[in-house]
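Asker: According to TrEMBL, the protein carries these features:
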DOMAIN    22-31  domain 'Uroporphyrinogen decarboxylase (URO-D)'
BINDING   27, 28, 29, 30, 31, 77, 154, 209, 327  substrate binding site
SITE      77  site 'Transition state stabilizer'
DOMAIN    142-158  domain 'Uroporphyrinogen decarboxylase (URO-D)'
Ligand code: 1CP
């Protein structure tokens, strides 16, 4: 396949020297971009957009046409995997994902199965292949999946949640049922991510968006262990290159050392910890991705630049940092502020790589 013109992101993931700090943004393709909203309107619904390889390719590339980003991320969703298990997934306008047939009992778990990545989920692999062709080696393509715990929260609750009443009820009352659900998800995610690599993804990210709502004991037993199981089964090399994997537990700052032991190459960090402190804690075991508060993008460009500088200074000199927001870009951010953010990273970071 074509050679990469910009491998700064992959090099930083592997803690190899780079001339500057690479940058991309979680949710970089999405509702804050007017061109995204236009393509989505043409597709009909969000799920139809995900299922149309040509349109998914178009929206993946939209942020790269606007900004000199150092990586592209597959346009899809973490809920494609449970969505392939006959649970009636839909995205309700204004209220996010809904499962009409949620998983509540041991019998519901019995009905689940590991989806075939080139069967029920072939549309995702088609999108990966199409995006990889369209990128033509400009920057690497990141594939992704949700963590078993995070996927299970949506499957059991039936939608997004604030209190996690149902899944925590299952955790405390029927832990063996939850364990079976998480095991099916870990096997599904492993196959799904390996298929994304075979289809052309050059790095992977696991989004554990809701791991941070667990107690330390339960984080280990119900989130971390299943992510470690996934790492055991992942293809780590493809086309003669290592495929770096980024592990992001939102609110997981207290568990960085444990996360570094799973086999991840990179840990994603949110804005609730200082990235310099995080670096001291993980040493040379893993690279770090993050961690500007996404709300800084509501500020003016000078303030954005100052925040970027303070994060670069806190991380300090040397490689192993991928600049990003601490979570996804908000939908009401002006795209010009995102441009100022990316420019600031590219202008200020070379001083830390001499
Ligand atoms: O157009 C729309 O209205 C849909 C909005 C939208 C978008 C643009 C959803 C629904 N998903 C996505 C794309 C998406 N989701 C990407 C695309 C690539 C990119 O980053 O540019 C990715 C990586 C995701 C991952 C995702 N989906 C996560 C993990 C990351 C995170 O933000 O923590 C989660 C939790 C989801 C679930 C989901 N999908 C969509 C929504 C609104 C939600 C969140 C619901 C909730 O708050 O519980």
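Cβ atoms are placed via backbone N, Cα and C, with glycine included.
Set these features in their place in the structure for me.
Answerer: Below 8 angstroms of C-beta separation, residues 8-9, 12, 37, 59-60, 62-63, 67, 69-73, 75, 142, 322-325, 327-329, 331, 338, 341-342, 345-346 of the same chain, each at least six residues beyond the ends of the domain 'Uroporphyrinogen decarboxylase (URO-D)' (22-31), sit close to that stretch.
For residue 77 (site 'Transition state stabilizer'), the Cβ neighbour count at a 10 Å cut-off comes to 18, with all displayed protein chains included.
According to DSSP, residue 77 (site 'Transition state stabilizer') sits in a coil region rather than a helix or strand.
Break the domain 'Uroporphyrinogen decarboxylase (URO-D)' (142-158) down by DSSP state and the numbers are 10 helix, 5 strand, 2 coil.
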Asker: Please count the residues of the domain 'Uroporphyrinogen decarboxylase (URO-D)' (22-31) that DSSP assigns to helix (H, G, I), strand (E, B) and coil.
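Answerer: Grouping H, G, I as helix and E, B as strand yields 0 helix, 1 strand, 9 coil.
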Asker: I'm trying to understand the geometry here, so how far is the Cα atom of residue 27 (substrate binding site) from the Cα atom of residue 77 (site 'Transition state stabilizer'), in Å to the nearest whole number?
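Answerer: The separation of the Cα atoms works out to 10 Å.
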Asker: Using the residues the record lists for substrate (27, 28, 29, 30, 31, 77, 154, 209, 327), what whole-number Å value is the largest Cα to Cα distance?
Answerer: 23
Asker: Over all shown protein chains, what is the count of other CB atoms within 10 A of the CB belonging to residue 327 (substrate binding site)?
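Answerer: The answer is 22 other Cβ atoms.
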Asker: Quick one: give me the count of other CB atoms within 10 A of the CB of residue 31 (substrate binding site).
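Answerer: Here the count is 15.
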Asker: Tell me the Cα distance separating residue 77 (site 'Transition state stabilizer') from residue 31 (substrate binding site), rounded to the nearest angstrom.
Answerer: 14
Asker: In whole Å, how far is residue 77 (site 'Transition state stabilizer') from residue 29 (substrate binding site) when you measure between their Cα atoms?
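Answerer: Distance between the two Cα atoms comes out at 12 Å.
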